[in-house]
Amino acid sequence: MKVNPNNIELIISAVKEEQYPKTELSEVALSGRSNVGKSTFINSMIGRKNMARTSQQPGKTQTLNFYNIDEQLIFVDVPGYGYAKVSKTQREKFGKMIEEYITKRENLQLVIQLVDLRHDPTQDDILMYNYLKHFDIPTLVICTKEDKIPKGKVQKHIKNIKTQLDMDPDDTIVSYSSIQNNKQQQIWNLIEPYIS
């Protein structure tokens, strides 16, 4: 699967179902802890530096951001979870918004859950993965920040994350670095069966 980086647009930033775009395209949602690198991952996958706004400050994405990727699929950037400085009310609001999208959106075909390769999955990572499995949503786990781990230890970290998430044997786990930028094609190939 190839995408044209010049044919990508943010369609809408939505907070409720009525605002979701009316389209036939399959959707791939990106979920993960605040600051796990969702926006950086999107930018690196589509070969554009600033399409998805990145921030050093966790918890910046507060809406469901729908990106039309070359008329082939839609990436949906979901607000990050597990950010302590967000108020309880705000967290509940995000939770409702994410739940409504994940449980009701028929276009949703796959969730890419991003976890930090350097650390054990957090309680929130485990809850999110279990939540997706409860609703039988196909999930691709991507371990970000691969460049921060010595090459010889990457597989050990992947195995640890797989074990702690108690991953479904049908789900795939891949390590990724937005800096090394060398696995986009492998990931597009993993996404492709869900959107065709």
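Just so you know, glycine gets a Cβ as well, placed from its N, Cα and C.
According to Swiss-Prot, the protein has these features:
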| type | residues | note |
| --- | --- | --- |
| DOMAIN | 24-196 | domain 'EngB-type G' |
| BINDING | 32-39, 59-63, 77-80, 144-147, 176-178 | GTP binding site |
| BINDING | S39, T61 | Mg(2+) binding site |
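In sequence order, S13, A14, V15, P79 are the residues of the chain that are 6 or more apart from T63 (GTP binding site) and have a CB within less than 8 Å of its CB. Taking the Cβ of S39 (Mg(2+) binding site) as centre and 10 Å as the limit, one finds 22 other Cβ atoms among all the protein chains shown.
DSSP classifies K38 (GTP binding site) as helix under the three-state reduction. With respect to their backbone Cα atoms, K145 (GTP binding site) and S39 (Mg(2+) binding site) stand 13 Å from each other.
It is K145, among the binding-site residues K38, K145, whose Cβ has the fewest other Cβ atoms within 10 Å in the structure shown.
Packing around P79 (GTP binding site) is summarised by its Cβ count: 24 other Cβ atoms lie within 10 angstroms of its Cβ, all protein chains included. Counting in whole angstrom, G32 (GTP binding site) lies 11 from S39 (Mg(2+) binding site) by their C-alpha atoms. Long-range Cβ proximity for Y176 (GTP binding site), meaning a same-chain Cβ under 8 A and a gap of 6 or more residues, is found for F41, I142, C143, T144, E146, K183, I187. DSSP assigns G32 (GTP binding site) to a strand.
Note on the domain 'EngB-type G' (24-196): mean pLDDT across this stretch is 88.
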